[in-house]
């Protein structure tokens, strides 16, 4: 369950217990009382399949089962611009 904070998707509210979190198939961080899962966000293919719409929020992207990726179609990092794509 090691993942960067920006690649985490919230699985429950702040009152969820570790056992409830695990039953959802999610990871639990007891230090932060945080229940989360990681969405696999690999570098996109040459033509990634977009998920969402312009202005989609991180939460909306993750709720759709998609992930944010900061890479452009050419593979170059674009700072400040996120792409909501289907995971590989």
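Backbone N, Cα and C define each Cβ position, glycine as well.
Per TrEMBL, the feature disulfide bond maps to 1-27, 11-26, 41-67, 51-66. Positions annotated as domain 'P-type' by TrEMBL: 1-39, 39-88.
A Cβ distance under 8 Å defines the sequence-distant neighbours of the domain 'P-type' (1-39), meaning residues of its chain 6+ beyond its ends; these are 59, 62-63, 65-68, 87. Among the disulfide-bonded residues listed (1, 11, 26, 27, 67), 67 has its Cα nearest to the Cα of residue 51 (disulfide bond). Sorting each residue of the domain 'P-type' (1-39) by its DSSP state yields 9 helix, 11 strand, 19 coil. Calculated from their C-alpha atoms, the gap between residue 11 (disulfide bond) and residue 27 (disulfide bond) amounts to 8 Å.
Counted within 10 Å of its Cβ, the other Cβ atoms near residue 51 (disulfide bond) come to 18, all protein chains included. The Cα of residue 26 (disulfide bond) lies closest to that of 1, out of the disulfide-bonded residues 1, 66, 67. Of the recorded residues, residue 66 (disulfide bond) and residue 27 (disulfide bond) place their C-alpha atoms 18 Å from one another. For the pair formed by residue 27 (disulfide bond) and residue 67 (disulfide bond), distance between Cα atoms is given as 17 Å, rounded to the nearest Å. According to its DSSP assignment, residue 67 (disulfide bond) is in a strand.
Sequence-distant neighbours of residue 1 (disulfide bond): residues of the same chain at least 6 apart with a C-beta under 8 Å from its C-beta are 27, 28, 29, 36, 38. Over the domain 'P-type' (39-88) the predicted model carries a mean pLDDT of 67. Within 10 Å of the C-beta atom of residue 66 (disulfide bond) sit 22 other C-beta atoms, taking all shown protein chains into account. Looking only at the disulfide-bonded residues 11, 27, 67, the densest Cβ neighbourhood within 10 Å occurs at 67.
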